[in-house]
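Copied over from TrEMBL:
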ACT_SITE  84  active site, charge relay system
REGION    139-167  region 'Disordered'
ACT_SITE  164  active site, charge relay system
ACT_SITE  538  active site, charge relay system
DOMAIN    787-798  domain 'EGF-like'
């Protein structure tokens, strides 16, 4: 027995009895109308300091600001939609003593509202939906309840999802009633409200089961009621494990495409320690923001009773033959300031080594003997003979920028050596005077301790003229959390996650499992306390959602024009514009390097599959009182084959701020049936004052023919260009050009954000051919401003000659992961045949097309092989049509591919005549 239901115009949901699923799948796959068949995903659940971090303040020495809150941007008038395990709405972060919670019942299969959702003036809750089975269907349990209002308390023994929804809701919009320390844990948008969908199955679900998600279509089942309640941002902290574009991802993309002003944010997942391609659907959708997680900031680390650490990266001199670790750990002292970032600063050993006076009676040393060598450098000082403050005083008086104290070997039982520890200020000043009566200066340079073993390595580094690089201690808040799932999306290799927000040790509202206790407080104590600490991309997502809400309020109140509130200039932003603002605000992060395990910054201007466009920092984009220029375009229209649209910018005198542009567009939904999911391809392009061209996302590729070269992005519907140090007074042209459209019946809408120090000029003599580099050496510059290459050449400027294959010849190739290389052959007479044999390492994919360049889209290729895994294959074509056949080889994730292609056949163009064999002597 089975039941079917059509959802939308191109989707059929089939319900079968248990035990019949395998046969049903086989039957469906055989039907000629079936393009894609999949089993529904099993969904998994995936602020004290976090809110400050996202407003640009990682904090120093306990001092933090909430720059947007200080301007009154706290989410007023905004609603966040959210679906999760439930909301403990009598918590002081959500409760309203004077207004009842607006509850409404909905169908667990379709999401249709069964009892009307009342309009409510509730302080925090705009709507609360729970889901039940259809009348007369008892399979889900005799009680008929699938979810019910409220949230169970967290149980660490069962990990049943309790408090998950309450915690997330608190991070997004929580605002504690009354005063006291509970306000420390208010959410990112404390004056916004929430439309909550309770999807936790309390009757049949296993631990972490979210069976009350509407099964027919998660988007149509969840989003419309929240949208009707005013939500224009929706937060999802759950998902499946499928790393590709699934039906669920398509459903979300389609809904956003039809409702272009609601931004959906989805947790990327917590499988990052497994490696790449671990972001799960629906975070693999195009028109959403997939959210990764950052580690906690230094202030959070200290606040939670732990010691942060410095990561000291050695930079040996070229002549240094010693082997060094990728980094060494140093613990900061309890006195003095934190270190700011140091880059390539020489390191030198102190003389005398312990930086102490001549005897125990005279422990103080005014300056080091090698003062001239120490000035402006990091100095190594050995532990022993005098206290740490005196050592630092001598180094500081000698001009050192930082002290690294090296521990010694153990000298007695229970000695705190040889490992590093936190150096404390001594109880006296070294002369027996109490610490309160210090007779020497306080320390004003940073200091840290390393282990004895690491210290010996650093001494070797110093002896050989080496240097170190040190990240700001506050940079720990910019570390990608190791568990945070990484992209790219499987098959088409789109960038994921999109952005990152704090997700580690997040303290937010907790549930006590009761709706009558009215719990409140600012303490973390056990699993039923008012505040609960949790970790994961689940926790990062509502914080990013709250950030999106603040962006919406900023735009709705017209701040973007002059940096001052001007409601008359306010706009109702599209989801694409809010997304563009979030990626525009992204800052570089440190991430773990696979081979060495070291935390380091990626040396790239563009996004990465580790952290997307980076850690959200709203104050890097949102300006107040004219402190920076911001330019906004929303829902701008551009047509297929049309001219590029451009903006002329004159860079300012230079204030150290980068020039950055971010482009985003809501794309027509893709299909799990296809490899490439981008339907309409736009390019963000910048022409620099020297005439060079920069492409969106700063992508490059490498192959054995063309070497390293820059390429335009063909797979993502978000692009960014950053100019770190704009030329003072230089003219920069920011352009958006249409490249390829599947949906050509209407213009594509796009959103653009530009920020920096610049002045917009009305005209600058721009023409489309200025975007075609080098005049398209072996091709034609189109009216849209891109090069259309002859079939025998490739590259953005058509300058790379593709190798030609002849009958009986072979060609080797190497191509970088995510890149393409090309070859071609020519059929000059009909009636023949050819056999191509191909293969390669690390799963390359092979596509060819007659009289054109193939692409990842199977509709733009005459032959596709992406399933052979690179194993040697042969393919024969009889009676091929006359023409030029272009073979494209795509290196799949995440390693370079090397291989060989050979060709046999007749009707091919003749190869070059080999030189004659020399006559024997």
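Including glycine, each Cβ sits where the backbone N, Cα and C put it.
The predicted model assigns the domain 'EGF-like' (787-798) a mean pLDDT of 96. Reported as a whole number, the C-alpha separation between residue 164 (active site, charge relay system) and residue 84 (active site, charge relay system) equals 7 Å. For residue 538 (active site, charge relay system) paired with residue 84 (active site, charge relay system), the C-alpha to C-alpha distance reads 10 Å. Its Cβ placed at the centre, residue 164 (active site, charge relay system) has 29 other Cβ atoms within 10 Å.
Shown for the domain 'EGF-like' (787-798): DSSP residue counts in helix, strand and coil, namely 0 helix, 5 strand, 7 coil. Just so you know, the Cβ of residue 84 (active site, charge relay system) picks up 26 other Cβ atoms within 10 Å once every protein chain is counted.
For residue 538 (active site, charge relay system), other Cβ atoms within 10 Å of its Cβ number 30.
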